[in-house]
Amino acid sequence: MPALRSWFSIPRGSHFSLANIPFGIISTPSSKTPRVAVAIGEHVLDLEAFAANNGFSALSIIQPHQAVFSQPSLNAFAALGRPIHAIVRKYIQDVFDADTTYPEILKTNSALQKQALLPLKEIQTYLPFKIGDYTDFFAGLNHAVKAGSMFRGPINALQPNYKHLPVAYHGRASSIVVSGTPIRRPNGQILLDPATEKKQPTYSACKKLDFELELGAFICKANKMGEPVPVNEAQDSLFGIVLMNDWSARDVQAWEYVPLGPFNAKNFGTTISAWVVLADALEPFKVKGIENDVGVLPYLKEKDNKSVYDIQLKVDLQTKSGNSKTIAKTNGRHLLWSYPQMIAHHSSTGCPLQVGDLLGSGTISGISQSEYGSLLEQSENGKIPIKISDSEERIFLEDGDEVTFSGVCGSDEEALVGFGECVGRIEPALKL
Ligand SMILES: O=C(O)/C=C/C(=O)CC(=O)CC(=O)O
Ligand SMILES: [Ca+2]
Ligand SMILES: [Mg+2]
């Protein structure tokens with residue numbers, strides 16, 4: 001399909017082309033109340049201002065719902081359901097199209113352009129949703145094999161359940177932050193010398209601080225308690241996707257996680273990107289995930305044989321002294337389980353999912369060192385240093401390090417569907 005052309009200037013290579021239209025929450029120095037916007041090129045369209053100035057006058061279906069754009073989160077907009085998200089996205093694409101059906105709405109309305117089109121660099125972004133619950137899956141097969149091999153050897157790398165159900169832990173919604181928020185190194189219980197017989201922990205600053213490259217999915221449809229979401233209807237629950245960093249304290253994790261899973265090792269901070277790419281925008285980039293070679297149970301069997309996304313993912317690390325390096329490149333296709341399968345399994349007991357819940361994919365890794373989505377894998381749990389520059393290397397994160405994830409779909413520079421960035425810098429631990 002040829003790229004949509006706009007009357008509005010959208011630079012080539014922008015993650016926020018007309019093919020995208022991602023949603024987020026913004027404010028400006030002169031208007032500090034957080035509200036809904038979409039990103040377009042190097043600007044955002046403030047949907048509160050747009051709605052208040054008859055921007056949706058040609059879209060009668062949205063008129064009774066315009067208050068959703070004045071909310072400080074996307075929950076109310078998301079709850080309108082996928083057919084409405086699709087209509088709104090298509091309408092905004094039309095308003096910006098070079099041959100728009102509605103030139104009077106924005107193309108020839110310079111007053112509204114001035115009011116509602118704001119430079120990205122002048123706005124502040126916020127968490128896109130009020131997140132009630134957060135669950136982090138472990139669907140990245142290559143990551144699970146690599147991490148499991150390091151801890152239990154290659155024969156026992158995967159637990160017997162791994163290919164039969166999407167494994168997950170219940171995370172902590174209260175410490176999810178938007179891209180750009182600093183992350184403080186946690187203090188925690190660790191074993192300084194795990195090899196010795198006597199297991200005596202100390203309480204200290206984490207010495208094995210790591211990132212995990214993941215995708216996060218937001219839920220837009222609540223299921224009632226007791227009523228599971230069938231796998232082949234689960235796409236209706238999927239609002240959109242963000243980049244996600246499940247910061248992980250590996251030494252805390254190693255000591256605490258058997259038998260109930262990660263607790264404090266992953267509850268001190270999780271960063272997500274600010275712009276939510278709608279499931280509809282990702283539709284052209286659906287691909288087959290990793291083949292599951294066990295026959296999954298019927299409640300996890302999907303009709304759709306393409307249900308993960310071809311997203312080119314990248315991790316950059318910049319040190320306090322300014323050296324930086326791309327330390328990993330991988331792809332969103334490296335998942336054994338799809339989001340519909342995760343949703344179906346999560347709700348299979350009757351557990352209610354709610355609008356605004358966040359589901360992490362699990363760390364996404366390829367199969368070679370430069371494709372690993374965590375330092376745990378890259379450094380073989382601290383054994384192999386990763387060269388950042390001639391003067392610096394890393395095994396785990398140091399104070400002042402800044403980790404930047406980016407993700408983009410497509411190759412046509414005029415029609416990229418990108419996520420922007422998911423950034424966090426490490427601050428020193430509280431002094432003990
Ligand atoms: O297989 C294991 O015992 C451990 C796996 C991990 O440590 C990976 C991990 O932290 C899970 C995650 O992706 O959050
Ligand atoms: Ca994780
Ligand atoms: Mg986390």
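Positions of Cβ are set from backbone N, Cα and C atoms, glycine also.
The annotation in TrEMBL ties K266, T270 to Mg(2+), and of the candidates under consideration, D236, D246, D293, the one tied to the same site is D246. Annotated Ca(2+) binding in TrEMBL involves E212, E214, D246 plus, out of the candidates D136, D310, D316, the residue D136.
According to DSSP, Q253 (substrate binding site) sits within a helical segment. Most buried of the recorded positions H143, R152, K266, judged by other Cβ atoms within 10 Å, is H143. When the domain 'Fumarylacetoacetase N-terminal' (19-128) is classified with DSSP, helix, strand and coil residues number 46 helix, 27 strand, 37 coil.
Excluding the listed site residues D136, E212, E214, D246, the same chain places L213, M244, N245, S248, K266, T270, G360, S361, G362, T363 with Cβ atoms within 8 Å of the centre of the Ca(2+) site Cβ atoms. Only D246 of the binding-site residues listed as F138, E214, D246, Y257 bring a Cβ under 6 Å of any atom of ligand 3; the order follows the sequence.
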